[in-house]
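Colleague: The domain 'EF-hand' annotation in TrEMBL covers 39-74, 78-110. What TrEMBL records for Asp52, Asp54, Ser56, Phe58, Glu63 is Ca(2+) 1 binding site. The feature Ca(2+) 2 binding site is assigned by TrEMBL to Asp91, Asp93, Asp95, Lys97, Glu102.
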Amino acid sequence: MAMSDVLSAEDIKKAVGAFSAAESFNYKKFFEMVGLKKKSPEDVKKVFHILDKDRSGFIEEEELKFVLKGFTPDGRDLSDKETKALLAAGDKDGDGKIGADEFATLVAES
């Protein structure tokens, strides 16, 4: 499944483009711009599974670094600072990774 099967390709392009500058990533604005906030819980879970590249059931810090590339191949890598901030926002139980429920909560809070 591709991200464009769940979200509009145009929204993805606009959202990723809005955060193309280093240190500019804001997950709340990004999830809203990409249209994820308006999606059903099922669609949010589909996006989670696309971002969970190693299919571990979690999005680990290494996968978060490439979160924009998960939406479109020409997205940039997040900086270490941006990656750690996103992990801190999403990791509610402190295990160092984001599970499907934590991801759904992160999107809902944005």
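Cβ coordinates come from backbone N, Cα and C, glycine included.
Can you walk me through where each of these features ends up in the structure?
Modeller: Sequence-distant contacts of the domain 'EF-hand' (39-74), counting only residues of its own chain at least 6 positions beyond either end whose CB sits under 8 Å from a CB of the stretch, comprise 1-3, 5-7, 12-13, 15-16, 19, 25, 80, 83-84, 86-87, 90, 96-100, 103-104, 107.
Averaged across the domain 'EF-hand' (78-110), pLDDT for the predicted model comes to 97.
Within its own chain, Lys97 (Ca(2+) 2 binding site) has Phe58, Ile59, Glu60, Glu61, Leu87, Asp91 as residues 6 or more apart in sequence whose C-beta sits under 8 angstroms from its own.
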Colleague: Counting only residues 6+ away from its ends, which parts of the chain sit with a Cβ under 8 Å from the domain 'EF-hand' (78-110)?
Modeller: 22-23, 25, 27-32, 36-37, 41, 44-45, 47-49, 51, 57-61, 64-68
